[in-house]
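S.K.: One structure follows; several queries about it will come next.
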Amino acid sequence: MAATVSAYLFVFLALFGMVASDPDHLQDLCVANKAAGIKVNGFPCKEEANVTEADFFFSDLANPGVINNSVGSVVTGANVEKIPGLNTLGVSLARIDYEPGGLNPPHTHPRATEIIFVLDGELDVGFITTSNKLISKSVKKGDIFVFPKGLVHFQKNNGEKPASVIAGFNSQLPGTQSIAATLFTSTPLVPNNVLTKAFQIGTKEVDKIKNKLAPKKS
C-alpha cells in the first residue's frame with residue numbers, strides 16, 4: 001500500500017512540475033505585440049519581419065530619475081512594457097534613485113526575486129520573512145543585496161547624499177504592490193471597518209492616511 005501511495009505521489013509531483021514550470025523557448029524571440037488586443041500570459045508575438053533593433057534597446061537607466069513625491073524616491077522600470085524584446089525572456093531591470101532620507105516604501109514583487117547593485121550612496125535595506133523576521137543590512141556603493149520573491153521589502157537612504165541602485169528581476173514584468181498604497185488607495189477602497197480592525201486605529205486615522213496617500217490631482 002505504501003509503495004502504491006508513493007508511486008501515485010511521484011507521478012502527481014512529476015505532472016505538477018511539468019504544468020507549473022515555464023516551457024522552453026520554441027523560437028529565437030517573441031517581441032511583444034502590445035497592440036494585438038489579445039489577452040495571454042505575457043504578450044503575443046510581433047511578426048518577425050517587423051522586428052527591429054529598437055525592440056531590444058532602452059537608454060533611460062543611464063541618468064537619475066526625477067523625484068517628485070513625498071517619499072523621496074523614484075523607480076525607472078526597464079521591463080517588457082518599455083522593451084518589447086523582453087517578452088518570454090523572464091528578465092527585466094529597474095533603476096531606483098533616492099534623495100537624502102528618501103524611501104522606497106515597503107512593497108512586494110509577486111512575480112519575481114529582486115537583486116540590487118548599489119551605484120552610489122548608502123542604503124538601509126531589508127525584507128521580512130513569512131515568520132515575521134526582519135533581515136536587514138546597510139549597503140554601500142558596489143554592494144549587492146537580494147530580496148526573495150513575494151516578500152515585503154524596502155530601501156531607505158539614510159545618508160546625506162543622493163543614492164541609486166540598479167535592480168534585476170527574474171521576470172519580464174515583476175509587478176509591484178506598495179503595502180500602504182494597496183491598502184489605503186485601492187479602487188474601490190478597502191472598507192474602513194477592515195482597516196480599523198486590522199491596524200487597531202480609529203476611522204479618523206484611516207481617513208487621514210487615505211487623504212495623505214491619495215494620488216495628487218493634476
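Yeah, the Cβs are placed from backbone N, Cα and C, and that goes for glycine too.
Curation plays no part in TrEMBL annotations; they are all automatic predictions.
Pulled these from TrEMBL:
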type	residues	note
SIGNAL	1-21	signal peptide
DISULFID	Cys30-Cys45	disulfide bond
DOMAIN	59-207	domain 'Cupin type-1'
BINDING	Asn104, His109, Glu114	oxalate binding site
BINDING	His107, His109, Glu114, His153	Mn(2+) binding site
S.K.: Starting from the Cα of His109 (oxalate binding site), work out which of the recorded positions (Cys30, Cys45, His153) are within 10 Å.
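M.R.: Candidates kept after distance check: His153.
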S.K.: Per DSSP, what is the residue count of the domain 'Cupin type-1' (59-207) in each of helix, strand and coil?
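M.R.: So the counts come to 22 helix, 58 strand, 69 coil.
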S.K.: Could you round the CA separation between Cys45 (disulfide bond) and Asn104 (oxalate binding site) to a whole angstrom and send it over?
M.R.: 34
S.K.: Can you tell which of Cys30, Cys45 has the most other C-beta atoms within 10 Å, given these are the disulfide-bonded residues?
M.R.: Cys30
S.K.: Please report the Cα separation of Glu114 (oxalate binding site) and Cys30 (disulfide bond) in Å, rounded to an integer.
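M.R.: Glu114 (oxalate binding site) and Cys30 (disulfide bond) have their Cα atoms 24 Å apart.
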S.K.: Which are the residues of the chain, Asn104, His109, Glu114 excluded, whose CB is within 8 A of where the CB atoms of the oxalate site average out, their centroid?
M.R.: Ala94, His107, Thr108, Ile116, Phe147, His153, Ala167, Phe169, Pro174, Thr176
S.K.: Can you tell me the CA-to-CA distance separating Cys30 (disulfide bond) and His107 (Mn(2+) binding site), as a whole number of Å?
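M.R.: Here the two Cα atoms are 30 Å apart.
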S.K.: Just going by other Cβ atoms within 10 Å, which of the binding-site residues His107, His109, His153 has the emptiest spot?
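M.R.: Taking His107, His109, His153 as the binding-site residues, the minimal 10 Å Cβ count falls on His107.
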S.K.: Sort out the sequence-distant neighbours of Asn104 (oxalate binding site) for me: same chain, 6+ apart, CB within less than 8 Å of its CB, listed by position.
M.R.: Val71, Ser73, Val75, Ile96, Tyr98, Phe154, Gln155, Lys156
S.K.: Calculate the per-residue pLDDT averaged over the domain 'Cupin type-1' (59-207) and state the result as an integer.
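M.R.: That region's mean pLDDT is 97.
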